[in-house]
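Undergrad: Before anything else, here's the structure in question.
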Amino acid sequence: MKIVLAYSGGLDTTVSIRWLKEKYQADVITVSVDVGQKEDFKKLEERAYIAGSSKHYTIDAKEEFVEKFVKYDIIMNGLYEDVYPLSTALARPLIAEKVVEIAKKEGTEYVAHGSTSKGNDQVRFDLAIKAHMPDAKIITPARSWDMTRETEIKYAKERGIPIKEESSKYSIDENLWGRSIEGDIIEDPSKEVPEDAFELTRKTSTKNKEKIIITFEKGVPVALNGEKMPLLNLIDNLNKIAGSLGFGRVDHLENRVVGFKSREVYEAPAALCLIYAHKDLEKTVYTPLELRFKKSIDSQWSDLVYQGLWYEPLRETLQKVGVDMNNWVTGEVEVEIGENGLRILGRNSPYSPYSDKIASYNKGWYPTEEMAKGFIEIWGMHSLLARKVRSS
Ligand code: ARG
């Protein structure tokens, strides 16, 4: 029997390798997907083999992650509950896809992942695996064993399996779109998150704030400060610039799919910066009707992605509409970022209906008094008539 395991290198999946091997007498094939997490993939491979993997694959999926997932998170202003740029939620379907590819190649239907029964990730993994392999037999050690973090650490130590130092404290998930930190003292939502939880947003720059110009073409960022670059590099650079200024932290009580609130902390400097700038540019370009409509599809799209429904047809439909509407979202946005947040300094687009001739108080077009009065009288008629009948 062969089991293909999605291997992150963390505590749960490392212990899973040995546990699966012992319980099923199986060959465990490990797959690590590089979605831009800061990870030494050579070390990770070594750890997998020490833990008992019989074959290990490392797959670089950074480009694909950006092109098939992250790009649309920008176009759809994807922020769950208005704050979380969906970094983990977006990567799960891609990781599942890659793991299924290896399972097919290895000729097995047994696919395993390290999610617990308390999180959103199990929902995303299970559904994405089924989308690509309807008959997959999904095995999830962390849902069936009865181990706490402490017993897992003990299990690993007893068997000489190396684990990462930080494994004992926080539960981390990271990719190029953001880093999620959970567990330990963070679970008390009344207490400030300790500084040691953060990595990408430690203030290391000597400056307190910095101005950056972001250029968009059809809703997609294409240049930083006038310098054109592929989106993957742009995100990388922006994570460094904004992160070193201490920008990009999120701390909120999140409503999980699985029925309860949890305190979630994220670092997502580039994601937040790009989404805020993109939102501003959409507002610059859209009619008021378009703006309101887009807001509502953005929020539906974000909910579907968060809830593990990447393969729900509606997600794709909403996204197509979003892409179509972004045909005109071309232009530049200047932002200033620092520890205390992001400020939009200016924007411009060849497709903006804004006209200084129309808007200016100093010059140009004014409606005639007659036009203005007539417009207002008809505009307010609904409200004034309703008010009248209700007050008598
Ligand atoms: N709460 C976030 C989400 O549902 C982050 C999950 C992080 N996952 C993890 N295994 N540490 O997307």
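Every residue gets a Cβ built from N, Cα and C, even glycine.
In TrEMBL, annotation is done automatically, which means it is predicted and not curated.
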Undergrad: Taking G114, G119, G160 as the options, which does TrEMBL list with A6, Y7, S8, G9, G10, L11, D12, T13, T14 at the ATP site?
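TA: TrEMBL names G114 for this ATP site.
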Undergrad: Quick check: of Y110, Y266, which does TrEMBL put in the same L-citrulline site as Y84, N120, R124, S171, S180, E254?
TA: Y266
Undergrad: Near ligand 1, meaning Cβ under 6 Å from any of its atoms: which of the binding-site residues Y84, R124, Y266 fit that description?
TA: none
Undergrad: Which is it, of S8, T14: the one of these binding-site residues whose Cβ has the most other Cβ atoms within 10 Å?
TA: T14
Undergrad: Can you tell me which binding-site residues out of A6, S8, G10, T14, T116, D121 are within 10 A of S171 (L-citrulline binding site) by Cα, answering none if there aren't any?
TA: G10
Undergrad: Find the shortest Cα-Cα separation between A6 (ATP binding site) and the binding-site residues Y84, N120, D121, S180, E254, and name the residue that gives it.
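TA: Minimum Cα distance from A6 (ATP binding site) across Y84, N120, D121, S180, E254 lands on D121.
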